[in-house]
Structure formats: structure tokens, C-alpha cells
Amino acid sequence: MQNCSYISAVLRLFGTRGPGAGLKCCPWSRCCGMGDFRPRTVWLGHPEKREQRYPRNVINNQKYNFFTFLPGVLFNQFKYFFNLYFLLLACSQFVNELRLGALYTYWVPLGFVLIITIVREAVEEIRCYCRDKEVNSQIYSKLSTRGVCYSILNHQFSSLIPGSCFLRTDQLDGETDWKLRLPVACTQRLPTAAVSHHTKWLLRYEDGDPPVNESLSIENTLWASTVIASGTVVGVVIYTGKELRSVMNTSNPRHKVGLFDLEVNCLTKILFGALVVVSLVMVALQHFAGRWYLQIFRFLLLFSNIVPISLRVNLDMGKMVFSWMIRRDSKIPGTVVRASTIPEQLGRISYLLTDKTGTLTQNEMVFRRLHLGTVAYGMDSMDEVQSHVFSAYTQPSHDAPASRAPAATKVRKTISSRVHEAVKAIALVHCVTPVYEANGVTDQAEAEQHYEDTCRVYQAASPDEVSLVQWTESVGLTLVGRDHNSMQLRTPSGQILNFTILQIFPFTYESKRMGIIVRDESTGEISFYMKGADVVMAGIVQYNDWLEEECGNMAREGLRVLVVSKKSLTEEQYQDFEARYIQAKLSVHDRSLKVATVIESLEMEMELLCLTGVEDQLQADVRPTLEILRNAGIKVWMLTGDKLETATCTAKNAHLVTRNQDIHIFRSVTTRGEAHLELNAFRRKHDCALVISGDSLEVCLKFYEYEFMELACQCPAVVCCRCAPTQKAQIVRLLQERTGKLTCAVGDGGNDVSMIQEADCGVGVEGKEGKQASLAADFSVTQFKHLGRLLMVHGRNSYKRSAGLSQFVIHRSLCISTMQAVFSSVFYFASVPLYQGFLIIGYSTIYTMFPVFSLVLDKDVKSEVAMLYPELYKDLLKGRPLSFKTFLIWVLISIYQGNIIMYGALLLFESEFVHIVAISFTSLILTELLMVALTIQTWHWLMIVAELLSLACYIASLVFLHEFIDVYFIATLSFLWKVTVITLVSCLPLYILKYLRRRFSPPNYSKLTS
């Protein structure tokens, strides 16, 4: 291992773009050449020869750093009209002509709002820093020229040690299957070495004589955020930090602003317009006498309560409470809120875009059915298959069942022989490798020598193949050994069958099938086995009348169907094929086409052996969760990198596509004309789910973006397969732009991060697939089923509570502003404040803050009812809890109550002005407390405490308010009956109207609660 540190070699990447071609991957812009074609040279053993600078080897998901935190937070606060208005308002009090009271009456509320915001942002940044630090602290070994190990992180390189290794990519893409990685051939003569790959790279070993040049392929690469499943790897680090493909597939974290906050900001602009109008009217009624322009500014300050500064702090504190409730919900354990600013977004989702592997499914395949045409075996009848296999290898007359004379194939085979042929074919046609590991009792070498069952695990690039091999083991035919040239099977009697692997034709997305040619060492028979999708295998196997029907039946059950076939070859036939195959592989032009043509010459009139049905196990309660979302009016789109057939099967199995819905599979298109014809064909379909591949999607979005999105948005469900991470983010962005609706993205792998960050609300599923998605998401859950409660209960409650809270805070401010307007108009439109000093601050803080804020605990229905009737969620999609209609209703209520209280106080006061203040302010406080009680739908004990505490605080503070209120007057009976009458007149009609409305036009939720 140490010898490699003295190798003098150079890795040159000729004619390649940097991994971020066209992107600026780092501040100095020289590492990737800004997308230019330029070679990259990495010197092994000579770090001093490095001429290029590269990004730091760390990841960073923070929005700010130490220096930009305070300016960034303040900018994000004051770039909105709401906060900027109050900053200007507070600054105006430094001008003597505009000052209406003490400075603290304006600066204390503004400072309190900013402190709450800064503390919240600081907590989130610290949490993000700790998460990044945990990831960046992962340690790898680094070889130096002195044999010293250092720590290096998050790199991208490749295996070049002798032998192959397996790579786990579950943290990158959510797939739990293992990928095979091979070393570069020329390095096998070296002590050890390692290289990395991007597109077409070249390894040049200059110390050789002559120098060795060898091209690298994807099979030689290892990627960041993956795990070596077995063995040890030595590599050359090529890309780090911001140059990693996984990092550049993600977008920078953006500051998300909820739709609810934008709507509240719009309402404050309306209130500001009303403030300006009222001020101008007051000055106009004075006939613009004197220094009228100063009077306008004084009225703007006098009526500034029309735009409530307490609105923002109440909403921000409410968001913190909602986030705390989500984290403390015992029915969705492990849920984390990483963006506490947008919990209301969860209550208005129209489109949910989800990954498949690891999110909807567990990526654990289970063999469910074997179909032979005339007979089918399910999970409850596998013992029959086992008995057939056992009898095939244990009968005295057994003479290698596979070695029957060719003429015997024309004779009708028995069920036992057909089952045996099918199981044997399944056990041979795959790319699975058995690996033996020490288990504490048996070491690895001994386990491999004796084929110990307890030490054996299967490794493959596809979990489908592992499930098939595990099933053949369960019925008696076990794969016990495999290398590049041979394969060993063990029969139920313990006999080892040896097969020589002559050729392997791996599965590709284009061919949709894989094949293998093997020679049975005991009989010398050469067999060509093939398995693949029914759409391609139907034209390869011999004519039959059951294949299409049974494939459709199994697919409707959500099974992934493979067709298995066989063809026996003579020695002459194989030698002829091998000669043509080798010649085709040596072709310089059209090599792929010529190789495929030679292979297809074998793929004719093959014997159909069986159909296999494998089920990708869904996550727990995926079906009921998707049904809840569908009933709630949320359209679900599945975006996956998996192949079309797999995605379609999963959509059916998860009931993303209901049984009574048709599926339109969008034909593969490459040109504008083909896309136009296919869109016209799709337009004629109604209530039809759409399945489209990433390549076709790219063509449609290039030429017919508007038409495609219009048709896709009308579909009840959409499945996009073979989607790149950037495509997922593009689809989210187009949905936002074309529909104006809120989107939620759900994923679990590193390839879902860009989609999660682009969506209005990103949810990461944290589990065995890793934490990349959950760390980048706004909300993190441990299972997909928790999404139902997160949206239906917490999302709904957060939105309705915030809507009620915001409108009540506006009502509270409009009430006192209306009273100020009446007071000024009665006293000759003078710009004199009705309440001064502590009264104006105490009104919106200790006297009414707790009861008003207790509305964050209110709920219209129980959580069980919200889950049982997801249709209640659909009502929120129209934004009715906070709309111009409800806003206008609360404005009218505020004007009515403000006029009643002020005119009542003016009519009933005795001789001194201080009595007006006492009667009106006390009536105002009691009215607010009663209005909170009127608004509450479900009482909580903290609400009662808040009401009583606020009333007690007001009564106790009267002793210290003798400067503003006549303490002796409020103790008289006259004061009590006047305040009681005014309060009843202001509140009782609203109680009556509320009762009549619930009696004759009850809302949906009240029908359920009753």
C-alpha cells in the first residue's frame, strides 16, 4: 500500500470539459475553465507540480457567513414594504416637528420584531452549520510521500486496485442496489493506483517504458457521497467541493418566502393606502390651512396603527409555535422542521412531486409469481415448485435434466421438467455475484471454499436480479460461486453444477433485455438464455397465445414482469456466432449497430420458458396516503430516474393511477414533428394518466412548452421516468410559473436535492438511503406516510391559525385607529393623539397580546377528523381563510366597533376629558377580550389563562396609570354601567350574526363537529 506513494505518474484528462461546463464552479474561475475545453493534469507523488487551483473540499448549505449574517438578515427584512415602513416611521421621530410622543413608543416594537427575527435566523444557521460540520468531518485516508495519512472529504475518484469492487449509491440516488466498479487494466501491474473519470479520459503512466496510455470509462469511477461496499480502494482525487457533479446538480439554497406572507404584505399595502387617504382627508377638511404638508406627516404618524407593527412579530412567533407542534407530534416521530418560516405553505399544496425509489418504495424486491402458461405459482404454492426441483435432481433416472436429446423438446414436457427448466434459466441469466463474508465463526476464505450459506450475500447492479436469485435459492437451486468466466450452482442434493460463461449481453435501456450463453461442463450443452420486458420479448419467442394476456394481468397487479426464454446451440452454431461477434466488436464504424445485428441473429424462435413477477415493496401505508392526497385535491406527479416499465408498475402498485383510469404512454419523440403528432394524440384522451420519458419531455418542453404543460396539468397523475436531477427542478419551476399554484417536492436521495430546493415546500425522507435530501429540505420526515398528517393536520391548522391571527391583529389596530379618527374629527381635525405613552404600547402588548396570540392553539376540527375527511383540505386551496372578502369583513367590524366605543364614550362621559380616555380604553380592552372569545372555536386551557391574565394585568396596572386615567372614577358604579353598555353594544350584534350564520349557513367543518 505504501509503495504507491512513490509512483511517478500523471493523469491527464484530454479534450474534456470541466464538470461544470458553462458554469462558474468557484470564485477564481480557473479550475474548470469556465466551460472551455482544456486538459487537467494530476501528478501522482509530485503535488508541487500542481499548476491549477481547486475548490475547497467541503460542502456548505448555509445562507449566510459570519460577515454577511447581520447585513443579510436586515436586508431580507427591510426589502419588504411592511418592515421598511416602520423603520421610516421610527426614524421620523427624530424630527421635532413630527414627534408625537416618546421615542420608545416606536423603536421598542420595531427592535423587538428585529430581535425575534435575528434570533430565529441565527438558530437556523447554527443548526445548518452543525449539520454541514457533521458531513464535512467524515474521514478518509490520504497517502502522502512519507506514508502519512490525512483526512480528505467528499471527493470523487475511482478504483484501480487489483480486482473489482461494489459501490453503494443509496445516499446519492436512494437506490440500495450495488454497482460494480472495475479497475483499469494497465494498473494491475502497478503496486496500486487510482484515477477518476468524467467523460473520455486518458491515463498516462510516464514511468513505464514505453509510456502506457489507457482510456477510462464510467466503470472505473467512484463518486462522492457513495460507499465502498466491500474491500479497500486507492484513488486519485479529481473533483472536490463545488466541482462535484452531485453538488452542481443542486441549486444554491434560496430564501423562501411563503405565499401567505406575500398576501399579508399585499394587505398591509392596502392598509397603507387607507392610511394615506385618511390623512389627506383630514388635512383637506382643514382646507389645507397653514403648514399643511407637515400636518399630513403628523396624521400619517397619528394613524400609523392602521398598519400594525405587531402583525409581523405575532406571525413569526406563531410560525415558531407551529414548528414546535410539528416536532412534538408523537404520530409523526422524527419529523424535523428546518425552515420555520413557511409552515403555512403546507396547508395550500396543489401539486406534490415525489421521487420513486426509496420514497414511495423500499427498493426491496420480493418474488411473487412464476407463470408457465398453463399453470402459475404464487407465494402460497412455492412448496410445489420446490418439490419439482427436488425431484428433478434426486430421481434415480436423473441424467442431467438439461441434457435431454434435442428431439425430446418436440415432445410435450411434463410440469416437473418445465418448472425445472424455468428455475434453472432464472438461476443462470443474471449478473449476480455471491460474496462470502466472515461471520465470527467462519473466516472468509473458509466460507468461500465450502460455500457457507450463512456467510453468503448477493451483490448485483439491480435488486430485481438479487430477488430472482434469492428465490431460486429458496426453491433449491443455489448460486454459490461466480467469476468472469464461470458460474456454480448447487442442487438440493448438494451436487455442484459448473457452467462456463461464454458470452454476456448486459441489459440496456434501449434493448430492454439481457442474455447469457453458457456451457454445461457436465454435458457440454451450450444454451442461450434471455430475459427481458414483454414488449421486446414477444417478437423473439415462439408463437403462443397467452403471453400478452398474462403479462397484462400481472402488470395490473403492480408486478414487474420479465419474460424468460431459452435456445439450445450446437458447437458449430456457437463458433459461427462467436466469429461474427468478435469481428463486429472490432469494427471502427457503426460498432454498436453491427454488434446488435449479430446478437439479434440468435434472438429468433426462442423457447418461452416462463414469466416472473417481482414486486418492489412499497413504503408503509403509501396507498392510503396517496388516496388521502388525491381526495384533498392534490395532484401527485412521480419523477424518477428509473426505466419506464418500472415506473409504470410502481404507479399502478401504489394506486397513483387508479384502476378505472387509462394510462397514456407518451411515445418516444426526437423531433418537433413527432412531438406535435404525439401531443395531438394525447389531447384526444380524457381523464388519463400520463407516462413520459425524460428524453421525450425535453423535446416537448423545447418546442411546445405551453401546450405540454397545459395538457399535463389536466391529468390526474403524471409519471416522468428517466429524469435527470436538473429536469426534476425544471418541472417544478414550470408548474409554479404556468399554474401559479404551490408545489411540494418529496425525495430521499442526493439527486432529489435540486427539486426539493426549487419547490415552494421541500420535504426530505430520511432513512437508510442517507440524509442528503433531508438536510436540504424545509421539512424532514422518516416515512412517506407521515406526509399525510403533515399536510392534512399541521399544514391545515398552520394556515387557518395564521389567517385568523393576522386578521385579528389587523382588527385590533383598525379599532384603535378608527377611534383616533373619530376623536380627531370631533375636535376640529386636530392631530392630537387619543392615547399616549404606555397606553398605546400596553394595548398591543400586555393587555391583549396573550389572548390574541392564543389563537395559534385554536382548531376547527380534531386531527382525526381532518385525516378522515381530507376534503376539508381542498377548501383551503382557494385561499378563503385569508382573502379580500374576509379582510373587508374584519375592516367593517373594526370600523363598527371603533365608532360604537368612541361615540359611546363621548356621549356618556361627564365633565372631564380624562373620563373619555377611561371609558373608551376600558371598553376597548374588554371588547378585544370578548372578540377573542367570539372567534375561538375550540377552547384550550391556555386560552382561558390568557384571557384572565390579561384582564388581571389591566386591572392591576390601573393603579400606575393615574397620569392617563382617573383611578377614583373607574371605581364608581357610573363607570361600570357605561363600560358594560358600550361593550355589549359593540359585541352583542356580532354574536347574534355569528349564531345566525352557523344556524342557516354552516361551514363544512361545523357539520362534522356537530
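The backbone N, Cα and C atoms fix where each Cβ goes, glycine too.
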Per TrEMBL record, range annotated transmembrane segment [choices 421-443, 835-857]: 835-857
Recorded ATP site residues ASP355, LYS356, THR357, GLU465, PHE507, LYS531, ARG560, THR640, GLY641, ASP642, ARG722, LYS728, ASN751, ASP752, farthest C-alpha pair in Å: 31
Those binding-site residues, out of PHE507, ARG560, GLY641, ASN751, that come within 10 angstroms of THR357 (Mg(2+) binding site) at the Cα: GLY641
Same-chain residues at least 6 beyond the ends of the transmembrane segment (967-993) whose Cβ lies under 8 Å from its Cβ atoms: 893, 896-897, 900-901, 904-905, 908, 910, 914-915, 918-920, 922-923, 926-927, 930-931, 934, 958-959, 961
Residues from the same chain, set at least six apart from the ends of the transmembrane segment (100-119), whose C-beta lies under 8 A from its own: 70, 73-74, 77, 83, 86-87, 89-90, 93-94, 298, 301-302, 309-310, 312-313, 316-317, 831, 833, 836-837, 840-841, 844
Intrachain neighbours beyond the transmembrane segment (292-315), with Cβ under 8 angstroms and 6 or more residues off its ends: 82-83, 85-86, 89, 92-93, 97-98, 100, 109-110, 112-113, 116, 261, 264, 268, 271-272, 274-276, 278-280, 282-283, 286, 802, 805-806, 809-810, 812-814, 816-817, 820-821, 824, 831, 833, 840, 844-845, 849, 852-853
Cα-nearest neighbour of ASP748 (Mg(2+) binding site) within the listed binding-site residues, PHE507, ARG560, ARG722: ARG722
Cβ packing number for THR357 (Mg(2+) binding site), 10 Å threshold: 28
GLY641 (ATP binding site) to ASP355 (Mg(2+) binding site) - Cα separation in whole Å: 8
C-beta crowding around PHE507 (ATP binding site), within 10 angstroms: 20
Residue among binding-site residues ARG560, ARG722 with least C-beta crowding, 10 angstrom cut-off: ARG722
